[in-house]
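Since the structure comes first, as structure tokens, the remarks are kept for the end.
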Ligand SMILES: Nc1ncnc2c1ncn2[C@@H]1O[C@H](COP(=O)(O)OP(=O)(O)O)[C@@H](O)[C@H]1O
Ligand SMILES: O=C(CO)[C@@H](O)[C@H](O)COP(=O)(O)O
């Protein structure tokens, strides 16, 4: 088994790495962008995957491939296997009302929340597949009637790589199944009753593979240059966050924070979690364990937006942020630019508080953007700790981890050392490592050496979080009607 490939089909792009199966050494890589928007035709992911494969020099010398992908996205297929409508992504908030309905149907207030947390480890919010299915049933009955199977982005890409061999061949893995809202990590079974309740009837769902179970073989006809391909085995794949935790080799005491389109905070746990507040999602990981996780809708794009607002690039934004004092003299940016999932405020907008003649500078705004985005994640870290996750250090990954300001400010806000591996594609790396494990077999995954990380330490500045906590409730929900003038 010379080489293996790992894919990260994420929100903004598709990244592919090719690594040596035994040592993990990076051999080559490729990437291609995804279209913008919160509903996307899966065909765009497929063509981006093809482009990424070509950019990486093809798969002719690769023995196994695994696909990790953005979680929760609803891919509906008809009985011929054709896509019924563009996929609704994890960050599409139109299903917020459907999520609230599903919780209310299970009982009033905390009773409903507790029911879902106990049943499937998660409380429905707009992001979850179960909420999207309910939305589809209520809002697009014509499309809903055509649905024969529902799967997730990584499931669909893996199935396409296998040559789309019929709906019965669809497969997924524990980590991604645990983000649907109708698969229980604790019992490792589908809650078909909950899917049926949400959608009105049962549809085909992918078989859930174990950590090293193969999803079949790559159909050589589906990729350019395919006919020359040797036999390539398909790994089970994963949700992107589980793949990242596996890619960086997170262990006890490690909390992985990813700053991509989403902001996520997660840790590997030996036992499943069931948080009735819904803040911590009780996901599964790729090794057979669990991955309690908090996810925000606003991370790297908050920095993109601040840079655009100030008319600077991302490097200059970081320099500006670092030139302002910690706490930005009281300027606070509440980063709910895309609505928010944690806290569950799908209709909220962002806000800036504390503008004065002193704080109305580009440097203060840049600092407030970095701090606000990180404070929302620090709230997630607290919630994870409340669920019993130990935190000795944070491992920072995702595109936003490239920002020097994020790296330096993060330990002030998280209050623990922040370890930043060299810039890389850790989701794709986790998928590649999974492909290697599936192909090589063995009770334990191959040990791959991760390049030396850099550790950032700083004295915590609790005042930043205290000020943020004051500000975060003072946002406007765009669905709400302003009070009439008096
Ligand atoms: N130096 C940088 N500073 C801040 N943000 C960055 C930097 N480099 C890349 N990014 C941001 O990272 C994001 C992409 O990160 P990525 O983890 O690939 O996202 P996703 O997995 O959601 O597709 C983009 O929004 C991009 O602007
Ligand atoms: O919804 C979640 C996790 O629950 C997100 O983390 C998605 O999985 C998207 O990830 P990125 O593309 O932002 O990395």
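Positions of Cβ are set from backbone N, Cα and C atoms, glycine also.
Positions annotated as active site, proton acceptor by TrEMBL: 240. The annotation substrate binding site is assigned in TrEMBL to 71, 72. The annotation domain 'Carbohydrate kinase FGGY N-terminal' is assigned in TrEMBL to 4-247. As annotated by TrEMBL, domain 'Carbohydrate kinase FGGY C-terminal' applies to 256-438. According to TrEMBL, the feature site 'Important for activity' maps to 8.
Here the features listed in TrEMBL are painted onto the structure.
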| residue | record | Cβ neighbours (10 Å) |
| --- | --- | --- |
| 8 | site 'Important for activity' | 30 |
| 71 | substrate binding site | 29 |
| 72 | substrate binding site | 29 |
| 240 | active site, proton acceptor | 31 |
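Secondary structure from DSSP puts the residue listed as 'active site, proton acceptor' in a helix. By the rule that a residue counts when its Cβ sits under 6 Å from some atom of ligand 2, the recorded positions 8, 71, 72, 240 yield 71, 72, 240. The recorded positions recorded for this entry are 71, 72, 240, and the Cα of 240 lies nearest to that of residue 8 (site 'Important for activity'). Put simply, the residue listed as 'active site, proton acceptor' is 10 Å from residue 72 (substrate binding site) when counted between their Cα atoms. The CA atom of the residue listed as 'active site, proton acceptor' is located 7 Å away from the CA atom of residue 71 (substrate binding site). The predicted model assigns the domain 'Carbohydrate kinase FGGY C-terminal' (256-438) a mean pLDDT of 98. In the three-state DSSP scheme, residue 8 (site 'Important for activity') is classed as strand.
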